[in-house]
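S.K.: One structure is given below, represented as structure tokens, and several questions about it will come after.
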Amino acid sequence: MGEGEAKAEHAAKADHKHAPSASSTPESYSKDGQRRRGRGDAYRAFCAAIFSILVLLGIIVLILWLVYRPHKPRLTVVGAAIYDLNFTAPPLISTSVQFSVLARNPNRRVSIHYDKLSMYVTYKDQIITPPLQLPPLRLGHKSTVVIAPVLGGAGIPVSPEVANGLKSDEAYGLVSMRVVVTGRLRWKAGAIMTGRYGFYATCGVWMRFNRSSNGQVPLLAPSTCKVDV
């Protein structure tokens, strides 16, 4: 083999060694790009579907909230009775009173469930009847119920301001007390029930009262309670 032929053969081998493989041809690059674009399109489509589902669920929740939006209960004191209101040293007070509280559910599609209810009476922001625990209560749609327990106790310590104030109001024939109802409530619409919410209602009551009063006493006006949930 001549020197020229050897050089030609050597050059051919070098060209073959450095030639691009089949996997790195322009056609191969194009296929890889298409696969990457395909995966990107699928990911974007998946994200768009999730976003659409979340938006749809949000719209449904908004519609349900607008339709079933629960309103706070409404409470009104419609009657009162004072059976006992006496003082002893140092000062202590003995009470036996009864307030009729009308509880109303204003919702057309939502019921209200109460638990851990208690009720007591204050005068000048001091408790004059021990809190009384009440049984659980359910109010259906647009329904009402009257809560009228007898509240009171003997030997309840009070401040001189309370003792003197009640004696003065009794002599004047007009007394103001506050009925307090506390507890927890839940709203229920169909099979859906909310969590428990704290419930606090205060009802300022003005009534005519004097020493000869024993039993029902007239209210100056029905007392609408302030309700906080």
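Including glycine, each Cβ sits where the backbone N, Cα and C put it.
Keep in mind that TrEMBL annotations are predicted by a computer and have not been checked by a curator.
Pulled the feature table from TrEMBL, pasting it below:
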type	residues	note
COMPBIAS	1-18	compositional bias 'Basic and acidic residues'
REGION	1-36	region 'Disordered'
TRANSMEM	45-68	transmembrane segment
DOMAIN	101-194	domain 'Late embryogenesis abundant protein LEA-2 subgroup'
S.K.: How many helix, strand and coil residues does the domain 'Late embryogenesis abundant protein LEA-2 subgroup' (101-194) contain under DSSP?
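M.R.: Counting residues by DSSP class gives 13 helix, 55 strand, 26 coil.
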S.K.: Over the domain 'Late embryogenesis abundant protein LEA-2 subgroup' (101-194), what does the predicted model average in pLDDT?
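M.R.: Residues in the domain 'Late embryogenesis abundant protein LEA-2 subgroup' (101-194) carry a mean pLDDT of 93 in this prediction.
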